[in-house]
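A.B. asks: Dropping a structure here in structure tokens format, bear with me for questions.
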Amino acid sequence: MKLPIYLDYSATTPVDPRVAEKMMQFLTLDGTFGNPASRSHRFGWQAEEAVDIARNQISELVGADPREIVFTSGATESDNLAIKGAANFYQKKGKHIITSKTEHKAVLDTCRQLEREGFEVTYLAPQRNGIIDLNELEAAMRDDTILVSIMHVNNEIGVVQDIATIGEMCRARGIIYHVDATQSVGKLPIDLSQLKVDLMSFSGHKIYGPKGIGALYVRRKPRIRIEAQMHGGGHERGMRSGTLPVHQIVGMGEAYRIVKEEMETEMARLRGLRNRLWNGIKDIEEVYLNGDLEQGAPNILNVSFNYVEGESLIMALKDLAVSSGSACTSASLEPSYVLRALGMNDELAHSSIRFSLGRFTTEEEIDYTIDLVRKSIGRLRDLSPLWEMYKQGVDLNSIEWAHH
């Protein structure tokens, strides 16, 4: 077993060797290096064919028509293109958008930008377990609501939203529904031929494909229109200009093909490992599960350890690559906005750790993790005056701390 152990698969994944090997065939002179938009020679035709194959592989995993897949530079761009693109196109119908407080920053900050441009956004607070109350969502819908953006799986706590029911609610009212599926694709079944979802964002690097490539699903029936945010040569049916990065697209396609074949057995394996991890640490005193095991993705476990500083815990766990909050926000020392939205106090939010498991995680690594976490929590609490006071029965909430 090699240290450190990587348990941050929700931040990114290593490229699968099968994917890397495939990508190498599309880079050099003796490979398929052409521009898929070059229609006048074989180099272009071969590149275009490779892109078509990848588009098919992606659409097959999610039950879409290949013509509904638009390649982007990643899920952040897909979220931007979906939300800004739909808002700009349909603004004559209304200027009201609904999302939730626990969305990824790529959705929240896009909505904030639209607010600056005159749109009105309602941010729904989730229930304590992270699930959106559908009655609240319904109550927030208005005649001028044009777009709802609610994610499938939360990147920090792993809870799964009921996108099927939300889709039905939106379709019945003629509201466009966008789903950020970055964390769910390849981990939960998605069938867009059945779901009433109009726009869906995907990433390559969360499921063993390369970074820098993603896709946006744009429904054809009933047809959804979006305004391009990137202008140029009119690639991707005018929705996203820019020369297609064939090697990255092929890599994403291959990653989606592999995950389609292996998803069922792999998710059962990961669910078993996640449960093993939780069962190994859940009897530690003052430990809290964030999210919902029953309604959660099989690969994410987010836990708070009361009376332990999150940063000191991460340092103590230096043999584990884990995160507190998401990679996109862990650079700041602010407690996780997702956990705060669940109604958690700052102290508990600060002591949270996200374990996210993946394709190369082993049982041996999980057992090592359990042992290390138990020892580290014990050691850090021995050093903590707060823990001592808690054990003596002092109500820490009633203490008035002196501010320096």
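Please read every residue number as a count from 1 along the shown chain.
Glycine residues also receive a Cβ, built from the backbone N, Cα and C atoms like all the rest.
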A.B. asks: Of the candidates Gln57, Gln91, Gln183, which does Swiss-Prot annotate as part of the pyridoxal 5'-phosphate site that also includes Ala75, Thr76, Asn155, Ser203, Gly204, His205, Thr243?
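C.D. replies: For pyridoxal 5'-phosphate, Swiss-Prot names Ala75, Thr76, Asn155, Ser203, Gly204, His205, Thr243; of Gln57, Gln91, Gln183, the listed one is Gln183.
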A.B. asks: Within a 10 Å radius around the Cβ, which one of these binding-site residues has the most neighbouring Cβ atoms: Thr76, Gln183, Thr243?
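C.D. replies: Ranked by Cβ atoms within 10 Å, first place goes to Gln183.
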A.B. asks: Near Lys206 (N6-(pyridoxal phosphate)lysine), meaning Cα within 10 Å, which of Thr76, Gln183, Thr243 (binding-site residues)?
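C.D. replies: So far as Cα distances go, the binding-site residues lying within 10 Å of Lys206 (N6-(pyridoxal phosphate)lysine) are Gln183.
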A.B. asks: What count of other C-beta atoms do you get within 10 angstroms of the C-beta of Ala75 (pyridoxal 5'-phosphate binding site), across all chains shown?
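C.D. replies: So the Cβ neighbour count for Ala75 (pyridoxal 5'-phosphate binding site) comes to 27.
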A.B. asks: Taking the Cβ of each of the recorded positions and counting other Cβ atoms inside 10 Å, which one has the highest number: His205, Lys206?
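C.D. replies: Comparing the recorded positions His205, Lys206, the most crowded Cβ belongs to Lys206.
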